[in-house]
């Protein structure tokens, strides 16, 4: 059957900001859906609040709304655009929940909007735990012994039947949010209480414990004619009890018998039919008891998911694209397989002759004091995928791609004290953390058996034997040494996945020496293609991975206009989707201009690793070894390293040494900006200002320089991204503590000390330089004052308080710096403004995380303009010489994951901790900020009682804030010091006790629901513990809080606006742009 003709326009719901449990895999799926449906001639209307996504590029839809995904706003968009259909299956749990709310309120029926991709009944049957259990009973499929609860009393009744330990899962949440494993009554009540608050339907599923069972997933696609295919089977290496998003996963499943696989396959298809998923992709999860083979169904997602993205990249089968086309009436046999072309259709199940391994990436070091043990609530912030012919090759490649400084199965213990080492290893195996896979290696080094490790981990012995063999091989490499690396042995260990760097460490040599020997032996990898059919049919799509065999399928073209774009690797805090956005734009611009674009990346969640974004895709870890091999075979004109964040940048000098041409700003210019002494000379020569600063290597030097600069000071290591290990130090003892931590973590780079400019306004500027002219992309004013990391601070474009005079001075300084640093391409400059003086904080001659936001706010595709500059097309030739000053305001707001990490200090500081961002667009700053707050799920009420508790430095400012709050009708509470300051100005506030001052105290009042807003600022050690406790409690009870006075004033300004009142598409606002000379 052909596509549906009764539908002319389709509204697609995005997933909103990147959060733990819902990351950029939904940009990948949403972008695929937009492209697929647009090429079919449908009018596409898109709603998504995340500006860092490819799907929100104006070219992807006919009407793009960067608006909060809230039912009131979506209702207004439906009223305005009159879509015929709504596609909610591409935006994760956020989109599904919004669709359900629109249906519940009768909005879809009122405006005659048809849901496609999944019916409301199907969503409810899959998401509602009771309905799902009933559906499984109809199919005679077992589910875990469980019960449903809507309050604590019901939960306790369920507990009597289920017993301890038990697993608690809130309904309609993502990433296991709010859930957990309870081993006792206290834990049970605590998790249930939290879960009930987080479930939109106030519903919990309480399961019997399946800890230690094996976990599997099936990616299923079904069409309207009841044709079903299994795209991919996925096996979790980690057993049940660890969220699948935090598990190492393998595709295809390795330890299922054929009989088990067929039972699971048939069950998956039956589940889709029973639930009512008429078209599209779904993910079905199973558990098998390894002791008796009992199989149960865990859950299913009636939408594309994190696993769908992994399965798509693992097989080459574009699940989201196919699901979108099935949603409008096509059947699987009518859709061509893009990779094999006319040879096969989408009804052919993919067949793969390789092993794919996904390893999650964690950022626990950003959240000191958090529980870093892995449970049923997801905690990872990204992931890496690797492809090899064997599991051993695949997992070792994946480890190298993690960007954590690991070359393979590095040891985590010193082996200096064998007894203590074994105690540590046993603990890490039993109570899994982010590094368990390395401790398994150490367990085998200590002489533990496969059975010993299995008893502690419940990981299938097949995987353990594979890892044990790798450790045995390591011992053999050490025994043979460098001189024992003959051709046969070298080739053998490369086939097992050993990197040059790992071999170098084991033989006590430099990586360069190992590489040189390998070259002398003429040992190089070959490249195989991902083709969906195990090489049964030929393919023109160059989607490749490296392995160690005889035949190479890379077949590089003879095109002399080749440029390699190096991606950013796995998402982590400080380096996220924004850099992938830039890489995608680079590939698009190159292809538009007749270049052959070659992408290297290893992140399965991203758009850049879609096989049709570049001409050639190498799915490889971003290491020197891998890039050199690809350069050797492709012989490109050059490589682009400025778009993938710190990952490719740190290889710049080595690329230069190896003679690889770098497109754009050269490594020396990058070093000039990064090297403190070199940069200071440039600033001095240009007669510009910097905060007083110094570079030190020892604690003694640091104390001496700190006295010269004057406390407080900002302390950080050189060459880091995301403010890693950055702190504000107020006194000498803080400096001592910082160095203790720093040395403990084995940092060896120089330490940078900067004067901390208290109450300064921070400013970000994105610009492009072609060597002759500088294009100012945008001047962004931060809402939180300097001292809060730029990635965690909200910002406004255009600036909302800076004078034109200051902004013009900033423009001039950016231009001077661009020319002095010989920038060719993008650059980002950060300033601090204090008492009308401009101080340069830092310059980054590369793409910054603000590029997507500025591009959406101004209509200028900065990454594309810059890439063309980098390969020689001037700004004048492109027609971009004028800065764009929008007539509307755009605000970028950070989204923080503190609700996932209980017990963590939630006060913002110089180290970045946000996982994502949203954008609000409005006629003025207030409206834009109110939308950004709504998009980031800020629960800000417009009335009630406010708690004010601020540091001494803020007491003058707080009076004005209190006056404004009273005008809105808020009642004021204040702690003792703040109350005195308010009283002096004639403002009466109810005095409230801090926790240590007696009851009723702040926590009591929060628990009683007395507060709707909290302003709490602190400095040094003054009230630090109190402040942390206040903010943690505010998070727990869903009360909005600000930890800076500037942030509080912006919040009050936003109260003047109704964020759901006005909507406008990106296409409409870009027509209103004004240009200035």
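Any Cβ shown, glycine's included, is placed from N, Cα and C.
Here is what Swiss-Prot says about this protein:
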| type | residues | note |
| --- | --- | --- |
| BINDING | 129, 169, 175, 176, 208, 210, 215, 241, 242, 243, 285, 299 | ATP 1 binding site |
| BINDING | 299, 301 | Mn(2+) 2 binding site |
| BINDING | 830, 842 | Mn(2+) 3 binding site |
| REGION | 2-403 | region 'Carboxyphosphate synthetic domain' |
| REGION | 404-554 | region 'Oligomerization domain' |
| REGION | 555-937 | region 'Carbamoyl phosphate synthetic domain' |
| REGION | 938-1077 | region 'Allosteric domain' |
*Of the binding-site residues listed here (208, 215, 242, 830), which is spatially closest to residue 301 (Mn(2+) 2 binding site) when Cα positions are compared?*
215
*Of 299, 830, 842, i.e. the binding-site residues, those within 10 Å of residue 285 (ATP 1 binding site) when Cα atoms are compared*: 299
*Roughly how many Å separate the Cα of residue 215 (ATP 1 binding site) from that of residue 830 (Mn(2+) 3 binding site), to the nearest whole number?*
47
*Of the residues in the region 'Allosteric domain' (938-1077), how many are helix, strand and coil by DSSP?*
62 helix, 25 strand, 53 coil
_Taking every protein chain in this structure into account, which of the binding-site residues 285, 301 has the most other Cβ atoms within 10 Å of its Cβ?_
301
_As a test of the contact definition, list every same-chain residue at least 6 positions from residue 242 (ATP 1 binding site) whose Cβ is closer than 8 Å to its Cβ._
236, 374, 375, 376, 432
*What Cα-Cα separation, expressed in whole Å, is found between residue 842 (Mn(2+) 3 binding site) and residue 129 (ATP 1 binding site)?*
51
*Compare the Cα of residue 299 (Mn(2+) 2 binding site) against each of the binding-site residues 129, 208, 830 and report the nearest.*
129
*Length of the line joining the Cα atoms of residue 830 (Mn(2+) 3 binding site) and residue 208 (ATP 1 binding site), in Å*: 53
*Largest tally of Cβ atoms lying within 10 Å of a Cβ, found at which of the binding-site residues 208, 215, 299, 842*: 215
*Other C-beta atoms that fall within 10 angstroms of the C-beta of residue 129 (ATP 1 binding site)*: 24
*Segment-level pLDDT (mean, integer) for the region 'Allosteric domain' (938-1077)*: 87
